[in-house]
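Enquirer: Sharing a structure below in structure tokens format, with a few things to ask.
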């Protein structure tokens, strides 16, 4: 299959991998309450942490990141760099809007990191360092994710990675949209801080 013909396949591969709801699967296997009825109702690692199962939350974070990385690596091997980037976009969309869960998924932070790892891993380290610094200073997980995701495409662009900067600018816009309720709570001063009980 030619590289051009591979592009829609890469998008589909990414979407299907991204649609795997690790948080929901792991919490069901562990016999906990339906994740969608806990806390924010989100299927990501932050909400899994609200079950009190730190191991499950870590496993969810890892699984969600790995599906982004796997999509990029598989598509890159089959169709090159453009296919890899499209697979990353597909994985992100799959996580946010999974077909298996009536298009109601997670917020995309772990998958964002996983895609960065697959495409240009040093920038995943940059993202995590910014996240940690912001989270330490503010105690807000959502704010840390927003700051790190906004800075990532700017830094990619500054170092000449224009195609990747464009991709991650799009992912950042989607991530901001998925955090719109968090942004409202941050502005109102009602957002939960890291370590706070809900």
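Along the chain as shown, residues are numbered 1 onward.
Glycine is no exception: its Cβ is also placed from the backbone N, Cα and C atoms.
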Enquirer: Name the residue range among 28-48, 154-174 that Swiss-Prot annotates as transmembrane segment.
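Expert: Going through 28-48, 154-174 one by one, Swiss-Prot gives transmembrane segment for 154-174.
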Enquirer: Hey, would you say the transmembrane segment (113-133) packs against the transmembrane segment (6-26), going by three or more CB pairs under 8 A that are 6+ residues apart?
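Expert: These two segments do not touch.
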